[in-house]
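What Swiss-Prot records for GLY233, PRO234, PHE235, GLY236, ALA237, GLY238, LYS239, THR240 is ATP binding site, and it gives sequence analysis as the kind of evidence.
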Amino acid sequence: MNQGKIITVSGPLVVASGMQEANIQDICRVGHLGLVGEIIEMRRDQASIQVYEETSGIGPGEPVVTTGCPLSVELGPGLISEMFDGIQRPLDRFQKATDSDFLIRGVAIPSLDRKAKWAFIPKLSVGQEVVAGDILGTVQETAVIEHRVMVPYKVSGTLVAIHAGDFTVTDTVYEIKQEDGSIYQGSLMQTWPVRQSRPVAQKLIPVEPLVTGQRVIDTFFPVTKGGAAAVPGPFGAGKTVVQHQIAKFANVDIVIYVGCGERGNEMTDVLNEFPELIDPNTGQSIMERTVLIANTSNMPVAAREASIYTGITIAEYFRDMGYSVAIMADSTSRWAEALREMSGRLQEIPGDEGYPAYLGSRIAEYYERAGRVRTLGSQEREGTITAIGAVSPPGGDISEPVTQNTLRIVKVFWGLDAPLAQRRHFPAINWLTSYSLYQDDVGSYIDRKQQSNWSNKVTRAMAILQREASLEEIVRLVGLDSLSEQDRLIMAVARQIREDYLQQNAFDSVDTFTSFPKQEAMLTNILTFNEEASKALSLGAYFNEIMEGTAQVRDRIARSKFIPEENLEQIKGLTQKVTKEIHHVLAKGGI
């Protein structure tokens with residue numbers, strides 16, 4: 001422990017002297033109030049400290065005390081359903097302890113509840129050899145999540161004691177005799193520094209799709225479990241709703257939602273909606289699998305920088321248990337702005353648009369902690385982290401540094417489009433500019449699993465949309481009637497794909513989520529109509545006759561998005577109905 005004195009205060013940056021024994025990334029207690037800060041730069045005996053609380057009223061001469069430890073999170077039972085701030089202070093218990101709706105400065109509250117007792121069930125017995133990552137036992141944390149208590153990193157040896165029963169997170173639950181003869185006494189809780197990724201046995205190639213229930217994503221721009229995706233878009237384009245939808249319905253075990261520098265009412269929406277929503281996979285409340293980290297725009301700027309790392313470290317902990325985890329960061333642009341502010345106060349040479357020169361490497365550090373891995377331990381386990389980051393470029397300009405550095409790393413780009421949002425087409429993901437580099441892997445995975453030609457259907461549907469885009473300019477110049485019959489059919493089918501398939505209402509109880517079998521049935525109906533109508537045109541039928549003769553069945557195709565999942569056969573039955581009606585048009589003499 002080293003004690004120094006403050007010499008300057010500049011917003012969230014405090015410079016202290018007499019800190020020659022301190023290290024970079026040490027946590028400090030700053031001033032008489034004991035504010036939490038982290039050393040980010042050392043020059044001789046002077047330490048530059050990033051303070052995670054409001055610094056008004058702090059002045060030169062006040063003491064700074066280092067703890068000798070890096071910024072770390074507590075990992076153990078009690079994380080799920082909890083809401084933390086950027087440095088893992090539990091907001092619910094913080095409010096009760098301080099009796100205030102605001103963050104009172106200098107208050108230290110343990111991240112995990114020290115009084116709560118958890119029922120521990122051992123999975124191993126005394127005398128067994130264990131290595132780091134082995135599961136010693138389990139705690140039923142919520143109705144959905146079984147918390148697996150693991151041997152901490154760098155601990156291995158013989159299990160000499162393990163106890164069943166109800167324990168707090170600090171009680172000794174097991175003892176391991178290590179190779180050097182020392183006894184390691186372990187509890188249900190462990191700590192981990194947030195800026196250091198948790199080690200794994202092996203990184204694997206992600207192939208299994210993350211099913212979100214959003215048709216435009218799952219069909220055209222899928223992300224895998226263990227992949228990384230970015231959602232850039234201008235104000236009002238629907239970034240937050242896309243993030244909320246994925247958090248609600250993604251087929252993962254655990255969701256970490258990081259509200260980083262965005263409006264507080266967005267976190268309020270999460271708190272109001274999530275407890276009422278039922279997870280379609282488990283039948284339990286979605287809150288039973290969710291961890292919330294709130295660092296909203298009215299909270300200290302410096303803590304935004306920590307909140308992203310706090311979230312990804314908690315995600316890695318659950319991944320190591322063998323779970324699939326999705327982490328949403330809304331928004332990484334606000335996090336980058338916090339980096340820019342600290343860089344400016346440190347008087348570093350600025351890069352593009354004032355962001356620090358190391359912006360790209362910091363963004364990469366975050367996204368590269370996602371992935372599909374084989375975890376440590378003698379038991380074979382796989383875990384995944386899917387990282388989805390919203391980016392808020394000013395004015396929707398994706399050429400700015402945060403978006404460009406993000407796109408260098410992630411493999412999925414869901415580009416939100418202001419014109420689509422203004423036309424009330426949601427999700428406003430532009431199908432012409434967005435992309436997914438997982439498309440081929442996911443397509444072949446689904447073809448193999450479902451025994452279907454899904455990837456072929458997706459390619460055909462995208463070709464229709466691209467053909468429509470090339471025809472639109474001709475239509476604007478000389479009108480729709482000047483097109484050939486086949487091209488008019490392309491325009492009609494593309495409109496069906498856009499309005500009846502891609503457009504989705506997040507606030508409709510049925511349309512908000514579409515399972516994969518329903519997506520396939522809906523897309524098959526539209527493509528069948530295109531195929532049969534194209535054949536009819538080649539046999540001499542007229543476009544207008546086909547459209548009039550199939551008006552009823554096309555209306556039913558359009559309404560199929562509102563048919564509940566349990567009535568899936570109704571949607572599948574429309575395929576034959578389409579063929580029958582077009583054949584009827586031909587039989588009537590449309591030649």
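Just so it is clear, glycine is given a Cβ too, placed from its N, Cα and C backbone atoms.
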Around ALA237 (ATP binding site), which residues of its chain at least 6 apart sit with Cβ under 8 Å of its Cβ?
GLY396, LEU416, ASP417, ALA418, LEU420, ALA421, ALA428
For the binding-site residues PRO234, GLY236, GLY238, which Cβ has the most other Cβ atoms within 10 Å, all shown protein chains included?
GLY238
With an 8 Å cut-off on Cβ distance to the GLY233, PRO234, PHE235, GLY236, ALA237, GLY238, LYS239, THR240 Cβ center, who else from the chain surrounds the ATP site?
SER392, LEU416, ALA418, ALA421, ALA428
Out of these binding-site residues, LYS239, THR240, which one has the fewest other C-beta atoms within 10 Å of its own C-beta?
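Ranked by other Cβ atoms within 10 Å, the binding-site residues LYS239, THR240 bottom out at THR240.
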Please report the number of other Cβ atoms within 10 Å of the Cβ of GLY233 (ATP binding site).
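For GLY233 (ATP binding site), the 10 Å Cβ neighbour count is 30.
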Have a look around PHE235 (ATP binding site) and count the other CB atoms within 10 A of its CB, chains all included.
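Excluding its own Cβ, the number within 10 Å is 12.
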